[in-house]
Amino acid sequence: MIIVTGGAGMIGSNIVKALNEIGINDILVVDNLKNGRKFKNLVDLDITDYMDRDDFLTQIMAGDNFGPIEAVFHEGACSATTEWDGKYMMLNNYEYSKELLHYCLEREIPFLYASSAATYGETTVFKEEREYEGALNVYGYSKQQFDNYVRRLWQDAEEHGETLSQITGFRYFNVYGPREQHKGSMASVAFHLNNQILAGENPKLFAGSEQFKRDFIYVGDVCKVNLWFMQNGVSGIFNCGTGNAESFEEVAKAVIKHHGKGEIETIPFPEHLKGAYQEFTQADLTKLRAAGCDVEFKTVAEGVAEYMAIVNG
């Protein structure tokens, strides 16, 4: 069996879909369906069982046996970069992750987890090294701290001549694609621009968006990276982006091209995001490629075109 936490979320449900596509259906999805709209992400997927996050954690902490587990994809987290309740964030993203990690280590279960490019902050160098990390929000800090916890485990194991079972962290950059409709304000720019055009409006970007460049990665490519590491058993913390930064304008142009209408409008940059907003991200893929991962990534034009074709039928 494979366990996917956050399995009703965007990346988690797409991982379940990718597993289904290679013939794997023995999957336990763990999530919190308090936001009941997420159920739509699971309707067309084949899984063995569903379990509430709190019930799952209770069983993990009790050391309960789930039977043979081939791998755990830990995508479950509070992913709102605008959430400033640090107690809640650290409990969800740090403490819970440690519990599950140690459960997997004790049983030598491969543990593949979601980190984030939010760990980097304002740097212009995006290498998986401590000197380039400096989160701008408590979400990024929760991910940064868990990465550092994993690093300490590796260091301790090395000092004692031990080898740990597989731990693989993925620093997701700006992920977009199907199954994100439940995310509200945290959904991708492509999602919001598409909805604006469908509502008869022009697509709207923040003032200065022509200067804001991000590494936008299509969720299908994120899944390919996850499955490659599951199948090849490589440990480490790796960037999961395309290696290319493209502007928000390019995203808007791709959405406009799909619809054949619309002109970009600019709106004022929100006060609450000033000082906590990454204006530039671009994954350094040196470490990913050195590990042997040869997944090819879609450009914004290619990925948004595929996304629009799926969501607009």
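Here the Cβ of each residue, glycine as well, is placed from N, Cα and C on the backbone.
It should be emphasised that the depicted structure is a prediction, and the values quoted were computed from it without experimental measurement.
These features come from Swiss-Prot:
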- 10-11, 31-32, Lys38, Arg53, 75-79, Asn92, Lys143, Val175, Lys183: NADP(+) binding site (BINDING)
- Tyr139: active site, proton acceptor (ACT_SITE)
- Asn174, Ser185, His192, Phe206, Ala207, Gly208, Ser209, Arg214, Tyr277: substrate binding site (BINDING)
- Lys183: active site, proton acceptor (ACT_SITE)
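Taking the Cα atom of each, Ser79 (NADP(+) binding site) and Ala207 (substrate binding site) are about 25 angstrom apart. Lys38 (NADP(+) binding site) falls within a helical segment according to DSSP. Of all residue pairs in Asn174, Ser185, His192, Phe206, Ala207, Gly208, Ser209, Arg214, Tyr277, the annotated binders of substrate, the farthest apart have Cα atoms separated by 19 Å.
Nearest neighbour of Ala77 (NADP(+) binding site) by Cα distance, taken over the recorded positions Tyr139, His192, Ser209: Tyr139. Comparing the binding-site residues Met10, Ala77, Ala207 on other C-beta atoms within 10 angstroms of each C-beta gives the minimum for Ala207. Local packing around the Cβ, expressed as the count of other Cβ atoms within 10 angstroms, is greatest for Glu75 among the binding-site residues Asp31, Glu75. In the three-state DSSP assignment, the secondary structure recorded for His192 (substrate binding site) is helix. When the recorded positions Tyr139, Tyr277 are scored by other C-beta atoms within 10 Å, Tyr139 scores highest. Within the same chain, residues at least 6 positions away in sequence whose Cβ sits under 8 Å from that of Lys38 (NADP(+) binding site) are Ala8, Gly9, Asp31, His182.
The distance from the Cα of His192 (substrate binding site) to the Cα of Lys183 (NADP(+) binding site) comes to 11 Å. Here the Cβ of Lys183 (NADP(+) binding site) has 17 other Cβ atoms within 10 Å, regardless of which shown protein chain they belong to. In the three-state DSSP reading, Lys143 (NADP(+) binding site) counts as helix. With a 10 A radius on its CB, Ser79 (NADP(+) binding site) counts 22 other CB atoms from all the protein chains. With a 10 A radius on its CB, Ser209 (substrate binding site) counts 20 other CB atoms from all the protein chains. Compared over the binding-site residues Lys143, His192, the count of CB atoms lying within 10 A of a residue's CB peaks at Lys143.
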